[in-house]
Amino acid sequence: MVLIRVLANLLVLQLSYAQKSSELVIGGDECNINEHPFLVALHTARSKRFYCAGTLINQEWVLTAARCDRKNIRIILGVHSKNVPNEDEQMRVPKEKFFCLSSKTYTRWDKDIMLIRLKRPVNDSTHIAPLSLPSSPPSVGSVCRIMGWGTITTTKVTYPDVPHCADINMFDYSVCQKVYRKLPEKSRTLCAGILQGGIDSCKVDNGGPLICNGQIQGIVSWGGYPCAQPHKPALYTNVFDYTDWIQSIIAGNITATCPP
């Protein structure tokens, strides 16, 4: 009985932190192969190494971070293991890339968003399907999901073969303001993480989704380094603030402007 009570208390403590047990594994645990059909990997024609992630939002469009822009991008869809391909994996290249700023620049707290139109639409399959854009902004206190092929250790760079997933908490923007003193008073970014540390998005997770209630609410942008430090949440581009711009571009209004 004592053992059962101890185990129960540990479980409650674990759930209260909204994180999975891991010895400072930044990305959490291996994602279920069927839970991320919208997650895409980016590499270049010269290198097969994944350097960023992105999100399929319909059969012809991918959403990622502006900092993930490169020449000769290759977009891999339906991928789980880098070394054991899925039968339905597909590769695409960009037809067009859209940014909030014509100079393709961004700041650490603003406009870190890139919309990619694929040269050919993808075919939905077991491991390929889009994720919905947000219908409303996320609420403070929400438990949201992050995922990607980013490093899974804090002391050195260790890239996994498969994407890792973890749950983190949505905080008020003021929490990040107190940590990162140069943040402006207002920003189109979201503040999310685990205050106890140990769970975080990190290098190569950039551009990937922050998922709340089954919708993409954020794009991995930046945070403290080393990653997963206590009391240092990360910043995510607030997708809801850019929804009108995204939908206008997809509808054919390529001169649409981002919110100021």
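Cβ atoms are placed via backbone N, Cα and C, with glycine included.
Features as listed in Swiss-Prot:
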| type | residues | note |
| --- | --- | --- |
| DISULFID | Cys31-Cys165 | disulfide bond |
| DISULFID | Cys52-Cys68 | disulfide bond |
| DISULFID | Cys100-Cys258 | disulfide bond |
| DISULFID | Cys144-Cys212 | disulfide bond |
| DISULFID | Cys176-Cys191 | disulfide bond |
| DISULFID | Cys202-Cys227 | disulfide bond |
| DOMAIN | 25-251 | domain 'Peptidase S1' |
| CARBOHYD | Asn123 | N-linked glycosylation site |
| CARBOHYD | Asn253 | N-linked glycosylation site |
| REGION | 172-186 | region 'Key residues for binding to FVIIIa' |
| SIGNAL | 1-18 | signal peptide |
Can you tell me the three-state DSSP label for Cys191 (disulfide bond)?
strand
Distance from Cys144 (disulfide bond) back to Cys31 (disulfide bond), taken between C-alpha atoms, in Å
14
For the region 'Key residues for binding to FVIIIa' (172-186), the number of residues DSSP places in helix, strand and coil:
7 helix, 0 strand, 8 coil
By CA distance, which of the recorded positions (Asn123, Cys191, Cys202) lies nearest to Cys100 (disulfide bond)?
Cys191
Within its own chain, what residues at least 6 apart in sequence put their Cβ under 8 Å from the Cβ of Cys68 (disulfide bond), listed in sequence order?
Leu42, Tyr51, Cys52, Gly54, Met114, Asn206, Gly207
Distance from Cys144 (disulfide bond) back to Cys258 (disulfide bond), taken between C-alpha atoms, in Å:
25
What's the CA to CA span in angstrom from Cys165 (disulfide bond) over to Asn253 (N-linked glycosylation site)?
35
In this predicted model, the region 'Key residues for binding to FVIIIa' (172-186) has a mean pLDDT of 93
With a 10 Å radius around each C-beta, find which of these disulfide-bonded residues (Cys52, Cys165) has the fewest other C-beta atoms nearby.
Cys165
Pop the Cα-Cα gap between Cys144 (disulfide bond) and Asn253 (N-linked glycosylation site) into the table, whole Å please.
31
